[in-house]
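Pulled from Swiss-Prot:
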DOMAIN    86-299  domain 'RrmJ-type SAM-dependent 2'-O-MTase'
BINDING   Gly133, Asp212  S-adenosyl-L-methionine binding site
ACT_SITE  Lys253  active site, proton acceptor
REGION    373-400  region 'Disordered'
COMPBIAS  373-389  compositional bias 'Basic and acidic residues'
Amino acid sequence: MKKTVEDRSLEFLIRRRNDAELPPLASLSCKHLKQHHWRDAFDDEQAALREQLWAVKTQLDVIPAETYTATRNKLFPLAASGEQRNFSNRAGHKLLESMESTGVWMELSKLLRGKSTKRPRDFAFADVCGGPGAFSQALFQAGRKRGWRHLHGYGMTLAGVSGLDWYAHLLKSPQFTCTYGLDGTGDIFKLSNIDCLASITKAAPMFLVVADGGFNVDFSVTNYQETISSRIMYGQWLAALKLLRKGGCFVLKLFDTFSPLSRAVLYLSCCMYRRVHVAKPRHSRVVNSERYLVCVDFLGYPSEGWSRYLDSFYEVGFVDNEHVPQLIPREWCLQDAVFMADVRDMNTAVATNQVIALQMILDAAPAMTEELKAKTIEKKPAAGSDDGRTPPPDEGGDGE
């Protein structure tokens with residue numbers, strides 16, 4: 001009997017050895033960073049699992065987009081862009097589910113109330129690369145439900161890009177402040193723009209940073225979405241380190257976690273936050289590689305040397321969008337047995353479910369093709385009809 005899966009929430013704790021010393025990050029130099037093209041920016045860690053996943057993804061290439069979407073939505077109803085009474089898309093649901101499953105709400109409540117029984121103190125959040133604002137929209141609504149009436153949001157996103165600028169109601173809200181950085185572009189690839197956002201929020205009680213940045217990649221290179229997205233992933237992660245107050249939390253969207261850079265970011269996160277999770281929320285399709293890094297209780301930089309190196313790495317390491325630099329020696333991660341066991345377990349669980357889900361689509365696609373053909377024939381006007389009317393389009397398409 002063939003295996004089946006369904007959309008459901010998964011959550012994984014990522015730890016490092018309790019007795020492990022902090023890695024000597026400040027001793028590293030950015031003068032001679034190793035660079036790899038995004039096609040070659042993987043190593044042999046869990047290579048068999050990654051290649052198995054890629055092989056199944058590649059088999060989908062022959063399935064027409066309409067057939068794939070219809071099959072996916074039939075097998076996995078949560079994949080359809082429904083349940084949108086509160087948010088304009090599913091991104092808000094995924095953020096709130098990730099925060100709920102990893103205890104972020106509880107942590108923020110403790111942080112804001114302390115020992116006081118009075119109303120919680122004010123706090124702010126930053127929405128990085130978040131346009132048009134689904135995350136901010138979700139946070140404002142969740143804040144109202146929890147009685148956080150004085151919540152203030154700050155946002156930075158690319159300027160002048162259709163579909164990415166903030167929702168009009170956010171721009172008009174006195175509770176939301178947007179910036180496009182020092183140069184007015186909102187480009188997070190420029191460290192000066194991140195520093196500008198940090199300067200604007202310096203006096204704010206910044207206890208939450210969320211980051212949903214990414215971009216669509218061509219269908220022919222979807223297997224490399226993780227490494228193609230390396231620069232924006234690192235930039236958002238670095239922004240959180242600059243923006244958060246101690247005790248704050250961070251949520252970042254990721255695509256796969258197989259590459260050495262993703263592994264290094266997870267490892268260093270374990271050094272700078274009390275608790276680190278990877279969440280796969282229920283509304284994040286089981287058929288895709290998306291997941292969320294959730295970091296709880298920011299401890300701060302261990303030293304100024306860490307801050308200088310991580311800044312310099314961003315400016316010097318990413319020479320273009322084609323190459324991925326080496327952040328830390330890979331041995332630093334591999335020699336920590338606790339960390340590697342957690343990462344391998346997480347990758348195995350998410351990728352295995354994804355392979356099963358994609359195989360379910362491959363198996364069901366032929367029947368869906370015939371079903372769609374039959375519907376097309378039914379919609380054609382009878383021979384000799386002269387009413388000139390065009391049948392209405394199918395409903396239920398995925399708007400994302």
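Cβ atoms here come from the backbone N, Cα and C positions, even for glycine.
What Swiss-Prot annotates, mapped onto the structure for a quick look.
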{"residue": "Gly133", "record": "S-adenosyl-L-methionine binding site", "Cβ neighbours (10 Å)": "29"}
{"residue": "Asp212", "record": "S-adenosyl-L-methionine binding site", "Cβ neighbours (10 Å)": "23"}
{"residue": "Lys253", "record": "active site, proton acceptor", "Cβ neighbours (10 Å)": "24"}
Inter-residue C-alpha distance, Asp212 (S-adenosyl-L-methionine binding site) and the residue listed as 'active site, proton acceptor' (nearest angstrom): 5
Cα distance (Å, whole number) from Lys253 (active site, proton acceptor) to Gly133 (S-adenosyl-L-methionine binding site): 14
Statement: Mapped onto three states, the DSSP assignment of Gly133 (S-adenosyl-L-methionine binding site) reads coil
Field: Conformational class of Lys253 (active site, proton acceptor) under the three-state DSSP mapping
entry: strand
Message: Across the domain 'RrmJ-type SAM-dependent 2'-O-MTase' (86-299), what does the mean pLDDT come to, as a whole number?
response: 93
